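Asker: Okay, these came from Swiss-Prot:
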DOMAIN    4-77  domain '4Fe-4S Wbl-type'
BINDING   Cys5, Cys41, Cys45, Cys53  [4Fe-4S] cluster binding site
Amino acid sequence: MAHPCATDPELWFGYPDDDGSDGAAKARAYERSATQARIQCLRRCPLLQQRRCAQHAVEHRVEYGVWAGIKLPGGQYRKREQLAAAHDVLRRIAGGEINSRQLPDNAALLARNEGLEVTPVPGVVVHLPIAQVGPQPAA
């Protein structure tokens with residue numbers, strides 16, 4: 001099974017910069033993408049994979065994207081404190097101190113579902129007759 005970020009990397013690591021819209025529209029589009037990525041990460045990625053992603057983001061000083069359910073704010077100077085705080089959380093996730101699903105923001109995001117369409121999993125229910133015990137009449 002591929003991790004969700006491997007199937008649609010633009011959702012996790014891209015920035016909608018080529019659509020010709022203004023800055024506010026781009027920021028809204030980026031926020032929507034990041035929210036969808038966080039929900040998918042938190043729901044579909046195993047905890048071990050989230051820890052690996054967090055470790056990678058910390059080791060490589062990543063500034064953008066969604067890693068282990070944490071949205072990084074970017075590399076702008078004015079966001080350096082937010083980035084440092086996010087890296088601290090990622091360090092703790094990577095070290096196994098915390099579970100990203102249990103962080104207050106992530107738990108709330110999962111609880112309210114944020115409009116993400118969940119693909120239903122088809123299921124089949126088969127009803128079998130109860131086996132008769134004892135001698136069977138000859139046909």
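First residue shown is number 1, and so on along the chain.
Backbone N, Cα and C atoms are what each Cβ position is placed from, and that goes for glycine too.
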Asker: Identify all same-chain residues not among Cys5, Cys41, Cys45, Cys53 whose C-beta atom falls within 8 angstroms of the centroid of the [4Fe-4S] cluster site's C-beta atoms; report them in sequence order.
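Answerer: Result: His3, Pro4, Trp12, Ala37, Gln40, Arg44, Gln49, Gln50, Val66, Trp67, Ala68, Gly69.
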Asker: If you count the C-beta atoms lying within 10 Å of each candidate's C-beta, which of the binding-site residues Cys41, Cys45 ends up with the smallest number?
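Answerer: Output over binding-site residues Cys41, Cys45: least Cβ neighbours within 10 Å is Cys45.
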Asker: Please spell out the DSSP helix, strand and coil residue counts for the domain '4Fe-4S Wbl-type' (4-77).
Answerer: 45 helix, 4 strand, 25 coil
Asker: For the binding-site residues Cys5, Cys53, which Cβ has the most other Cβ atoms within 10 Å, all shown protein chains included?
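Answerer: Answer by Cβ density within 10 Å: Cys53.
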